[in-house]
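S.K.: Features from Swiss-Prot:
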type	residues	note
BINDING	15, 16, 17, 18, 58, 62, 165, 171, 174	ATP binding site
REGION	23-28	region 'Involved in allosteric activation by GTP'
BINDING	57, 77, 138, 139, 140, 141, 142, 143, 144, 145	UMP binding site
């Protein structure tokens, strides 16, 4: 039983890495993981929470290697944007199969595939109880999907950006490599910068800080973690102004 009968947040922006959709696969989308995530999002909708979603594209395309081999960075980033659209289509389909109304909005026009991003329409859809998936990043090269998540979170006036990762919060060091790494329950923006902790890229993080947007990092692969986060229970690491 939750200690809080009501959710801690009314409107959230959920950021999922493309890698989270891979599950144990080395590439692509694991249908079981996709369906589980859709069910967890459905739980939030049933709690009355308005949910915006941004998904990365790293499970389908990573431009760094090709950029090092000589590919133009802008071309690589455009390909990465299209990878996020593919993930968005998969998530929208999974939500529809779970009987959740969802809309997919893209920052680059893809007529007949998904809707163009429209700020006012997105807020209207969220208020009506639909999940809104934001694809194609910010629509600009040189911007990460973490930047897109913070930007969309600020635009839709979300109360928090929930960053779903493979680890259950922010640590003093990489917990996969250092067993003595310490997990933080709460941090200020300044502490993250001073300790040089890896939460997200600097452009995305400073955008969140400048607009007072809290970031909560948690393990999306941990069953029930998302629900615990939105109910205000102890889960993950909260980063905000102190």
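Each Cβ is built from the backbone N, Cα and C atoms, and glycine gets one as well.
What does the local environment look like for each feature on the list?
M.R.: For residue 17 (ATP binding site), the Cβ neighbour count at a 10 Å cut-off comes to 20, with all displayed protein chains included.
In terms of DSSP helix, strand and coil, the region 'Involved in allosteric activation by GTP' (23-28) has 0 helix, 0 strand, 6 coil.
In the three-state DSSP scheme, residue 140 (UMP binding site) is classed as coil.
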S.K.: List the residues of the same chain that sit at least 6 positions away from residue 58 (ATP binding site) in sequence and have their Cβ under 8 Å from its Cβ, in sequence order, or write 'none'.
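M.R.: Set apart from residue 58 (ATP binding site) by at least 6 residues yet with Cβ under 8 Å, we have 17, 18, 19, 83.
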S.K.: Other residues near the UMP site, CB within 8 A of the CB centroid of 57, 77, 138, 139, 140, 141, 142, 143, 144, 145?
M.R.: 80, 81, 137, 147, 148
S.K.: Taking the Cβ of residue 57 (UMP binding site) as the centre, how many other Cβ atoms fall within a 10 Å radius?
M.R.: 26
S.K.: Rounded to the nearest Å, what's the C-alpha distance separating residue 174 (ATP binding site) and residue 144 (UMP binding site)? Just drop the number here, would you?
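M.R.: Distance between the two Cα atoms comes out at 21 Å.
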